[in-house]
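Below is one structure, written out as C-alpha cells; the observations come after it.
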Amino acid sequence: MTETGPVVIVHDPTLRDGQHAIRHQLDAEQIRAYAAAADAAGVPVVEVGHGNGLGASSYQVGHSKISDEEMLSTAREVLTRSKMAALMLPGWATSDDLRNAVRHGVDVVRVAAHCTEATVTERHLGVIRELGAEAQGVLLMSHMADPDQLAEQCALMVEYGAQGVCVFDSAGHYLPQDVGARIAAITAAVDVPVAFHGHNNLGMAVANSIAAVEAGARVIDACARGFGAGAGNTQLEVLVAVLERLGHGTGIDLRLLADAADLAERVLMPTPPTIDSVSLASGLSGVFSGFKKPALAAAELAGVHPWDLFAELGRRRVTAGQEDVIPDAARDLAAQGVPR
Amino acid sequence: MLTTAVLGTGLLGLDLIDRVQKSPHLECGLVVGRTPGSRGLAQAAELGCTTAVGGIDALLDAGGFDVVFDVTNAFDHPEHHNKLAATGAVLVDLTPTSTGALIVPTVNGHQAASHRHIGLVSCGGQASIPVLHALAQSYRPSYVEMVATAATAGVGRASRLNLDEYVSITRHALGQFTGADQAKAILNISAAMPAPPFRIAMTVVANGVEQGPIGEVVDAAEAAVRAIVPGYRVIACTVVDNTTVRVVVEIAATRGRIPVHAGNLEVISAAAIHAAEQHAAATSEPKELAP
C-alpha cells in the first residue's frame, strides 16, 4: 500500500477506557498481556489507568481492582517501544498524582476538562511540562460545545502549555460532519497536533475518526475490539486497516495488531462492546458513555425504562463525573409514573 | 463589636461584606482588592465600604482590624498569615489552605473564639463534615468520601487554580473529623444547564449501619446546618447492605447577591461569619443596628 496521506499517530486507551465496561476491574496480568501485545504491534502510545484517570478510584465512579502505581508499573515493564500515557481530571487527581505517574514512567499525560472548562487545566498542564513529560489537553463531552467554542478552549490549553489537544466524543453523539467542522475550527486555531477520541454509540466511530483526519487531526484514539465505555470506542484494528487503505501511515504492523485485538477479546473483556439499545439511547441523548453501567443499575432499582432514563439525563445536560445524579433522575422518573 | 477587613473582592467577598453589615456584632472597616478599578472593588464601594488596592500591604497600612477575612487563594494565604501575625488580628481563612485550626460551625464552632487563625476547609468540607461527623459519632467509619459538584459560574479563577489544595485539605479534614481510616474528596465543576445547585454526594463505609437510626442522625445534622445555611437540604439517604451509607445534600443560595445555584459560596460565607461572631461574643457588646 502506498502512503500518500499524512501519517496518523494512533493513541490506544484500551487499558483505560475499557475499564468503564468492566467496572475498573483490570488486573496486572491482563494489563501486562495486552500492553505487551500492543507494544509488539508497534502501537505508538498506550494509555493505562482507571477509566476516569489517575486518582479516580472511588465509590462515585467505582474502585479499581489494583492501584494506579501497580497499573502503571506493570505496563511500563512491557512497553519497550510504545510511549505510556495517563489521563487526569483536575479536582479528581492532583499534582501529587502527576508526579507519581511520571515517577512510574508515564511519557504523556492528558489533562481533561468538560468541554467549556479548559481553565481548570492551567495548573496541571504547567506541572506536567515542569516534570518533563508531554502534556496534552482534553475536552470531554465535546458535542456540548460548538466549533468556535472548542477552538477557543483548545487555544487556551495550548497557552497553558499543552503540546497537543484532543476532543472526546464522550457520548458517541457525533456524525462525521459534526466532527469535520469542529476539527477544522480547532486546527485553524492552534499550532499543535489535534486528536479525536470517538465512541461508537451511533456506529459512526471509524467514520468520525476518518472525518477528523480529513479535517486535519493527526492523532486518533482507538481501542482493541473497541473495548471502552458504553458502545465502545473506535475499533483500533479496523481504524488502522481503513487508514492503510486511505494511504495514511501509522507505523503499526496490522497483522500483529489483529493478534493483539484477538488477545484483548480473550483476556480483557467478557464480551466485545456492542451497540445495544441502551448505548443507542445514550448516544442519541448525548449522555456520557461511562454512565451505562450505573444507569442500568439505577433504572432497574427504580423500575424505570433505561431508554427513558437516558433521555432524562440528556435533558438535564448532566456531565461526566456527575454519576451521583443518576439514581435521583431515575427516582424522579419513577415518581412521575413514567411506565417501564 | 469587632471591626473586620475583607481581603479579596470576588463574589464571596461581596457576600461577606453584606453579611458583616447585617451582623449586630461586626462592622466592615476596609475591603482590599488587588487591581485598581476592579468591578468587585466598585461594588464594595457601592455597599458603603472603604476600599483600598494593594493587597495585604494596603491592609497592614490601614491597620487596626480585629478580624481579617482572607478570600484570596491558597498560594497567597501563607504570606497573609505571616504578615498579619504581629497585628493580633483574628485571621479567618476562606481559601483551601491547611494551616489554620479547622472550624465547622455545627461541629466545633464553639472553639472558634479560642483560635486566632481559623481555617474553613472548603465549601465541600463545610457541606459534608456536619453529616459525616454526626455519623462517625455512632459508627466507626473505615472509609468516607465526598464528591462536590459546583456549577461553573460559581467557581472563580482562584478556585480553579487551587483544586489541588481543595482536594487535599478536604480529604485531610474528612479524616480529622471522622477518624476514618481512609478519606477521599473530589470536586466536579458542572456546566449543566440550568446551573445545578451545589451538591454533595457522601459515602460512609461502617459496620452495622441501619436505615432507621441513620436517618435520624442525618436529619438532626441537617436541621443544625439549616439554622445557619437555610438552603441546606438532604436529597437522599440510603443504606446499602448494612455496610454503606450514601447521603446526598444540595445547597441553594438564599441571599440576593449570590445566584441560587452558588450554595458553595453560601455555606463557607456563613461559616466565616459564624466564626467571627464567636470572637465578637467573647469580646464585645453588639452594635446598634439601624431599625
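Glycine too: its Cβ is placed from the backbone N, Cα and C atoms.
Pulled from TrEMBL, these are the features on record:
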SITE      A:R16  site 'Transition state stabilizer'
BINDING   A:R16, A:D17, A:S170, A:H197  substrate binding site
BINDING   A:D17, A:H197, A:H199  Mn(2+) binding site
ACT_SITE  A:H20  active site, proton acceptor
Candidates A:R16, A:H20, A:H197, A:H199: member of the recorded positions with the richest Cβ shell (10 Å): A:H199
Cα-to-Cα gap, A:H197 (substrate binding site) vs A:R16 (site 'Transition state stabilizer'), nearest whole Å: 13
Protein Cβ atoms within 10 Å of A:D17 (substrate binding site), excluding its own: 29
Residue pair A:D17 (substrate binding site), A:H199 (Mn(2+) binding site) - Cα distance, angstrom, rounded: 10
Integer Å distance between the CA atoms belonging to A:S170 (substrate binding site) and the residue listed as 'active site, proton acceptor': 12
Neighbourhood of A:S170 (substrate binding site), C-beta criterion under 8 angstroms, separation at least six: A:L140, A:M141, A:S142, A:H197, A:H199, A:A229, A:F288, A:S289, A:G290, A:A320
